[in-house]
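For reference, the structure discussed in these notes is given below.
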Amino acid sequence: TQDQLLKAFLEKFEAADVTHHYTVPQRAGGWSPIISDRYQWLEVDLGERTKITAVATQGRYGSSDWLMSYLLMFSDTGHNWRQYRQEDSIGSFPGNSNADSVVHYKLQQPAIARFIRLIPLDWNPNGRIGLRLETYGCPYTSDVVSFDGGSSGLLYWLTSGLKRTSRDVVTLKFKALRNSGTLLQAEGQEGLSLSLELERGKLLLLLRKGRTSSTEPQRLVSLGSLLDDQHWHHVAVERRGSHLNLTVDKHTERVQIPAEFSHWSIEQLSLGAVQSEVSQKPVTSKKNFNGCLENLLYNGHNLIELAKNKKQQVTISGNVTFSCAEPVSVAVTFTGPESFLQLPGTTMSSSGGVSIGFQFRTWNKKGLLLSFELPQQGGVAWLYLSEARLQLQIHKSGRALLELSAGASLNDGQWHSVELNSRQGHLTITVDKEERDSSQASPSFPVTVENGSQKCRNLFSVFQGCMRLFTVDNQNLDLIKVQEKQLGNYSNLQIDICGIIDRCSPSPCEHGGPCSQSWTVFHCNCSDSGYSGATCHSSVYEQSCEAYKHNGNTSGHFYIDVDGSGPIKPQLVYCNMTEENTWMVIQHNNTELTRLRPFTGVNQYSIHFDYSSEEEQLLAVIKQSEHCEQELSYHCKMSRLLNTPEGSPLSWWFGGPGAGRVQTYWGGAQPGSQQCACGLQGDCVDLQHYCNCDADRMEWTEDSGLLTHKESLPVRSLVLGDIQRPGSEAVYRVGPLQCHGDRNFWNAAFFDKETSYLHFPTFHGELSADISFLFKTMASSGVFLENLGIKDFIRIELSSSTQVVFSFDVGNGPLEVRVESSFPLNDNRWHRVRAERNVKEASLRLDELPVATQEAPADGHFHLQLNSQLFIGGTASRQKGFRGCIRSLQLNGVTLDLEERAKITPGVQPGCPGHCSSYGSLCQNHGRCVERANGFHCDCNLSAYTGVFCQTEVSASFKSGTSVSYTFKEPYEMSRNSSALPSSIYSDMTLRGENVSLSFRMNQSPALLLYVSSYYREYLAVLINKHVLRSKVRNLANGQLHTANSCALPLDPHCSLHILYLAHFLSPESDDLDADLSRLASLGFTGCLSVVHFNTISPLKEALLRPNSSPVIITGPLAQSNCGSAASANSYSAENTHHLSGEKWRRHLTCVIAVVIFVIVTALAITARFLYRRKDTYRNKEVKGVNQEDSQDFPFNNQADSQNLSTENPKEYFI
C-alpha cells in the first residue's frame, strides 16, 4: 500500500537514546520512565526521512498508566527539533482515557522527518506515564543540492529539451542557514527577470527590468517569516499570463505583473549565486544563498537530477554538493517567568579577563538576558534588553557602578550575536559584530564571572525568546549535557528547539493595519486604517448618508464604507440632507458647463470623466441605493446630437461598469430609444426629430435631462461628433452622480411568533466574524441569530429585558460576552447590536454603551467551523424565538435580504413600521416626526426653523422701511381654543397667554420688533431698549445676537387676533395707538430678525419660504440671510452665542416688553361721550429698573437707579 505501517518496537528502548530515561520491566507492555514529569520523552529513529501521516497511542498494557495529552516533535538530524502544530496552531494532542483503547490521530499536514519525539504533558493522576506508540507513513525520496553561500551555484539554459509553455510553474523546498540570499533568478528577453530572494527571513518575489545591477527591483510580494530556522519550507511560483501566484508553506498570495511579462518566456534559471552581468558567472556576494534546495521542478522537469547527471544545459560553479549537511547548533527556548538556565562560571584567566558570547532572538523589548556575580567586588552584573537596546549594568549595594548600551531594534525576531569581553581593564560589549555596533568602558575593577547563586534573582522583566551558541572564554558550552543533567541547572526550558512564532505572518491585521508583536500576543495599529477592533476588522464609518442622517448629522462631507468590514475602502462623499431624500453626491473631474468650438481636422471630441471614488466603490454605491441619477445636458447651436438622415447617432456616451457600454439615448429618455427628453414628451422644436439639437438651427437650444437607469451609470465618457462645421458651437455638462435611499439600512422583517424564523445559507466567518443589526421588541427575551456546527456554534440573544448575550464555541468550550443595560430594551424602540469575533478576542456593543470584550485563549482553536443553516429570529429547535423587528442585518459587511425571505416565510412579515419612537427626538424646535415606510421625516411647518431636523434658523436682514405683516384667519380664537390639529399656516393651541420668541441683532435703540393687535383694539408690542435688568450686558444695540424667549402675557382670550407686524408699520389714524409707540413703529427696524415665533405662527418663515401661499404681505427690501446664525457673529459674540447643536453659547437677554392694553369703556348714555383708559404697560415682577440713556422723551424707560442691576447672568429670561 501507499501508506506503510512503521511500528516503533518499544521493547527495544535504544531508540529513545537518553541516558537517564530508564524503563520498567518489559512484562509491563509499554514505555514508562521511572520518573513521571514533563522532562521525559520518547524518541524514535525511523532510519531515513519518512512521510509521516498519522500516529496512534495506547496506554501501558495491564496498568493504570496512560497519557492524557502530549506534544510531537520532528527532526531530520536528531537535533534542532520542530514542534508539530495543528491547523489552529494547537501544539498538544489528545491522548487516552484508559490503558486499552487506541487513539488514532491523522496529521492534517504530513510531516517529513527521520526522528520523532513524543513529550508527555498530562497523564493519569492515579498512575504514571505509560505509552504504546505506532506511526503511519510512507517512504520519502528526494533530490537535494547544497550551496555554501560563496560562489557555488547552478545555471540552467532552457533549451528545446525543457518544454516552454504559457504557464510556468517552479516548485522547490529550501532549508536556509543564513537569513538572506538569492534562491532563484529567472531571466528572459530584454533583460526582464523575476527572482526569489530571502531577506531577513522573509521570501521576496522581485521583478527587474534591465540587466544592470543598478536597476532597482520592484517588490511584487513578500511572504513567510523566520525562514532561516534551518527547517524545510515549501515554495511554489506559478505564472499564468499577467498573474502570478506565490506559495510559501500553506500561504498563497496572488499578484499582477506588468503587461510586458504576459508573453515573457524564461531563457535561463540561476540558483544559489548571483550571476555577473559581464561574464555570466557566479560572483561571491552576501546575496548568495547558504543552504539546501530539494526537489526543484520547472514545469515538471527535475533540475537537480539534470545537474547530478551533468547534462550540457546545466553549468555547475563552486562548491556544490548533492547532499544536505548542516551544522549542529543547539538552541534553548525561554517560554515564561519560570524559565531559567544556570551555567558554571569561570575563574580569571591568565590574561586577567573574561569573555562571554551567545546569540538570541525575541519579539520583546525588555527582558533579562544574563547575570553573573563579581566575586572581587561583591557586586553583580546585569545584561538585559530595555526598549529593544542592549544594556549592561554593574551594581554594588544598590548603586550602579557602570552602565553601557549597544544595539537598536533588537526585538525584530532575528538572531543577534552578543560578545562581552573584559581584558586588561578594558570592558567591551558588542552586538552583531558585522554591524560594528559596540560600546566600551574602562572600569576601575576587574570583571570576572563566578558561579551564580542557587536562587534566581531577577530585578528586570523576564526574557522570552531563544538563545544559542553559548561560549565562555571561547569555549562552547554543550547544552545537550545541560539537558541530560550533567551540566548546570535549568527549569521550564525547551532545549534543542527554538519555539519562536511569528504571529504577524501572515498578518492577522486587516485593511492594511500594521502588525506588531511580543512573545505571546500581537497588536494591530488601526489608527490610520478607518477600521477598529483587535484586528482592524470593523469599519468606523457608516455605510451610507442615510445612516449618518439617522445619527443626527446634517449636510456635509462624510466617509462612507459601503460594505462595512468588507474589502472595499472607505470613500469621501458629500451628503446632502436638505431635502426629504438624503442624497449621496460623488463628484468627477468636470461637472461644470464646458464650451466647445470647431477644431480644424477634428471630427469628434471625446471627454473622459474620472470620479473621486474607485470603481468598486462606485458600483457598490449604485447597487445599494434605491435611486441614482446623473444630469446630462447639451446646449447647441448648429450642432446636431443623435439623429442623422441615415440613422446612426452623431454623439453618444459610455456608461455602466468598467469602461462602460455605448449608450445612444440622452438625459430624460429611455435606454436604447436614441431619443432626448423632448422626443419622449413630444415637444421638440422640430417634431420631425427626437432631439431639439437635431433641428440644426442657428439659435441656441438644448437637450437636458436626468439619466436614471442604474445599469447605465455612472457616465464614463462622452463622444460629441458634430462640432467640426463652421458656426457649430456646443456646451455640455455631465453632473455628479447622485443617489438616495439605502436598500440595506431599512431592510427589515417582523417576527410575530416565537416559533417563526428565517433561514439563510451557512455563515462563513472562520477567522473573523462581525454581525450588526438593529432590533425593537416588547418581549423580554428571544434569540436573534444562531448558526451551528458539529461542535462549534455562534448565537446572539436577548437573555433578559436588559441584557444581550453573544455566545460561541470554536473548539475551546463555550464563551460568552454580555452587555447589561440600565434601561429596558423591550421598549419598542430601535437598539443597535454589534458583535465581533476574531483570533484575539470577542466583543459586543449595545447602542452607545461601553464595549464588552472576552479574550481568546492564547494557544487554542480559532477556526469557527459551522455547517447548519443560519437561523434569524429563532433557533433550529424552534425554542426561545424572537418576537419583534430585526433590521439592517449584516454579516461581515454583507446585508441579508430579510424582506425578500420574509415574503415567502409564514409567521414573518417584510418591513417594520414605527420609526418615530426611536428617531423622533432628532426633530428639533417643535418639528413633528412623520412616519414613512422606510424611515421618517421631520415636518417643520409648526416650527420657526427649517432643515432636515428643523434645526436651521430662518433669518432675514431688515432695512428701516422693511415690514412684514401677517393677517390672522378670522376668527383666530376658534383656532386657539380648538383641540383639533389646525393647518400649518393658521394653527395654534389653547393658550394661557401669548408665547413670543425671537432672536435679533441690531445697532439702533429704541426699536419695535413685533406688534400684534386684535379686532378689539388690544395690542401686544415687543420693544427694545439698550438696557435689560439682571444682565451684565448693558447695551442690547451692540450688533450681537440676542434671544428673547417666551414672553407670555395674555390678551383677552375672547378677542380675535387681527394682524401681526414685524419691525415697521404705519398706524391708521383711526387706531387709538399710543402716540409714542406709533412714532416708534414708523421709524422701522434696521438689523436682523431670526426664528420669530408667535404662539404656533412663524411669520418670518412664512414670508421667506412661502410668500405666495401665506397671508403675508412684505413691504420694502427683505433678504434671507444667515445673520441669525453663529457663523455671522463676530469674535466677541462667538463667545456669547449658543448654537443650536449646543456647541457654542448664546447670551440670552430679556426684552423689555410693553404690553399696552386698551380697555374701551362704553360711554355713558346720559353724557354721549366715549371714555377710554390708556392702558398701562405690563411689566414682569422681576424687572426692577432700566437706565434711561436711549431717548429722553421715550416713556418706556424705568427711572430706577442703575446701581440696582443684578450681577446675575442667566441664560434665558421668561417675562
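Every residue gets a Cβ built from N, Cα and C, even glycine.
Of the listed residues Cys885, Cys940, Cys950, Cys1047, Cys885 is the one TrEMBL pairs with Cys912, by disulfide bond. Remark: Cys885 (disulfide bond) has Ala748, Ala749, Phe750, Phe751, Phe775, Lys776, Thr777, Cys912 as non-local neighbours, by Cβ distance under 8 Å and separation of at least 6 in sequence. In this view, Cys912 (disulfide bond) is surrounded by 24 other Cβ atoms within 10 Å of its Cβ, with every protein chain counted. DSSP states for the domain 'EGF-like' (913-951), grouped as helix (H, G, I), strand (E, B) and coil, give 7 helix, 12 strand, 20 coil.
Confidence annotation: the domain 'Fibrinogen C-terminal' (536-588) carries a mean pLDDT of 92 in the model. Counted with DSSP, the domain 'EGF-like' (500-537) comes out as 0 helix, 8 strand, 30 coil.
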